[in-house]
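Student: My questions all concern the structure below.
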């Protein structure tokens with residue numbers, strides 16, 4: 001291939017089956033705290049060669065999709081058709097790229113190296129698929145074992161499958177609708193396209209049965225991370241402060257570009273720290289006029305959503321407010337309840353404390369308020 005073609009990913013997530021259990025289609029079941037679909041989206045979206053990720057969903061799955069991939073920047077989902085081929089055609093029509101990688105949502109564990117191999121293989125073929133050589137003995141039979149089937153040259157074909165978009169779209173449109181294809185490579189070959197085999201990966205196994213999800217959960221064993229946030233704001237003229245999302249009357253106000261809620265700022269940094277996502281200033285720079293006077297609850301909600309997008313689960317947060325005045329004690333319960341509501345936690349998962357510096361330092365001189373927060377979050381081990 002010449003030049004640098006644009007590359008998009010197309011995730012087929014239109015299935016309606018619930019035989020894997022869980023009460024929802026398998027692409028929306030959660031493993032490691034994150035929907036199967038979200039794992040697939042993230043694996044493709046973080047690859048530097050892929051410019052966009054388009055998801056095809058089933059009719060009536062809009063809410064499930066929104067919940068699964070919330071917090072991510074994606075094009076609107078496309079609604080698929082009655083068959084997988086119909087869904088792929090709908091998705092291909094919505095994609096604007098030279099090359100497309102078509103992936104089954106039920107394969108959440110996609111190594112970047114597989115994507116690299118697929119893209120490279122298109123230099124010498126019309127399409128490329130990842131596959132693993134069959135290692136087990138194959139045999140015919142029902143209740144009784146029949147004859148063995150020679151396994152030489154047999155492969156288990158996986159996804160994603162890579163093609164030039166125009167080629168695979170033409171192949172799908174030319175396919176006999178009376179027949180149902182098992183994958184896109186079958187459609188491509190029937191249209192005369194060459195399809196290369198690249199090395200697949202055992203982690204790309206498709207999730208189908210309840211036992212598959214049990215194995216995936218073991219793979220996604222959660223680990224605990226703890227991070228700290230700290231913030232300071234000085235006093236200025238005013239008649240009250242915002243602390244932990246609660247308005248408290250006072251003879252002064254806190255100075256800051258936003259509403260200067262020092263408690264929520266510290267807590268936001270703590271949450272961002274658990275997923276190594278920088279600090280509040282990198283997401284909401286004080287030089288940006290959009291955040292002038294902004295409600296800091298928005299900042300905390302953003303950090304919460306980023307943690308969720310990473311598959312994280314917030315277990316506990318601890319907040320210490322350091323000041324001589326105003327007195328925090330009378331407002332402690334309200335602050336705790338407000339933070340719990342913002343993070344979707346119970347009151348028992350939020351600790352709010354207050355202390356002074358015994359009249360030492362800037363807080364002791366009543367020049368401002370400091371806050372320190374600690375967040376404990378479970379995240380997937382991979």
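Cβ atoms here come from the backbone N, Cα and C positions, even for glycine.
What Swiss-Prot records for this protein is below:
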- 231, 232, 233, 257, 258, 279, 280, 281, 355, 356, 357, 358, 362, 365: 4-CDP-2-C-methyl-D-erythritol 2-phosphate binding site (BINDING)
- 231, 233, 265: divalent metal cation binding site (BINDING)
- 1-225: region '2-C-methyl-D-erythritol 4-phosphate cytidylyltransferase' (REGION)
- 225-382: region '2-C-methyl-D-erythritol 2,4-cyclodiphosphate synthase' (REGION)
- 19: site 'Transition state stabilizer' (SITE)
- 26: site 'Transition state stabilizer' (SITE)
- 151: site 'Positions MEP for the nucleophilic attack' (SITE)
- 206: site 'Positions MEP for the nucleophilic attack' (SITE)
- 257: site 'Transition state stabilizer' (SITE)
- 356: site 'Transition state stabilizer' (SITE)
Student: May I ask for the distance between residue 355 (4-CDP-2-C-methyl-D-erythritol 2-phosphate binding site) and residue 26 (site 'Transition state stabilizer'), taken between their Cα atoms and rounded to an integer number of Å?
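Tutor: Each residue's Cα considered, residue 355 (4-CDP-2-C-methyl-D-erythritol 2-phosphate binding site) and residue 26 (site 'Transition state stabilizer') end up 49 Å apart.
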Student: Could you tell me which three-state DSSP class residue 362 (4-CDP-2-C-methyl-D-erythritol 2-phosphate binding site) falls into?
Tutor: helix
Student: Find the one among the recorded positions 233, 257, 265, 356, 357 whose C-alpha lies closest to that of residue 26 (site 'Transition state stabilizer').
Tutor: 265
Student: Considering only the recorded positions 151, 206, 265, 356, which residue has the minimal Cα-Cα separation from residue 258 (4-CDP-2-C-methyl-D-erythritol 2-phosphate binding site)?
Tutor: 265
Student: Among the recorded positions listed here (233, 265, 356), which has the Cα closest to the Cα of residue 206 (site 'Positions MEP for the nucleophilic attack')?
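Tutor: Comparing Cα positions, the closest of these recorded positions turns out to be 265.
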Student: In the same chain, which residues outside the set 231, 233, 265 have their CB within 8 A of the centroid of the CB atoms that define the divalent metal cation site?
Tutor: 232, 254, 256, 260, 261, 262, 263, 264, 266, 369, 370, 371
Student: Residue 357 (4-CDP-2-C-methyl-D-erythritol 2-phosphate binding site) has how many other Cβ neighbours within 10 Å of its own Cβ?
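Tutor: So the number of other Cβ atoms within 10 Å of residue 357 (4-CDP-2-C-methyl-D-erythritol 2-phosphate binding site) is 14.
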Student: Hey, what's the Cβ neighbour count for residue 362 (4-CDP-2-C-methyl-D-erythritol 2-phosphate binding site) at 10 Å?
Tutor: 14
Student: Out of 151, 257, 265, 356, the recorded positions in the record, which is closest to residue 362 (4-CDP-2-C-methyl-D-erythritol 2-phosphate binding site) when you go by Cα distance?
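Tutor: Closest recorded candidate to residue 362 (4-CDP-2-C-methyl-D-erythritol 2-phosphate binding site) by Cα: 356.
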Student: Let's check the environment of residue 280 (4-CDP-2-C-methyl-D-erythritol 2-phosphate binding site): how many other CB atoms sit within 10 Å of its CB?
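Tutor: Taking all protein chains shown, residue 280 (4-CDP-2-C-methyl-D-erythritol 2-phosphate binding site) has 25 Cβ neighbours within 10 Å.
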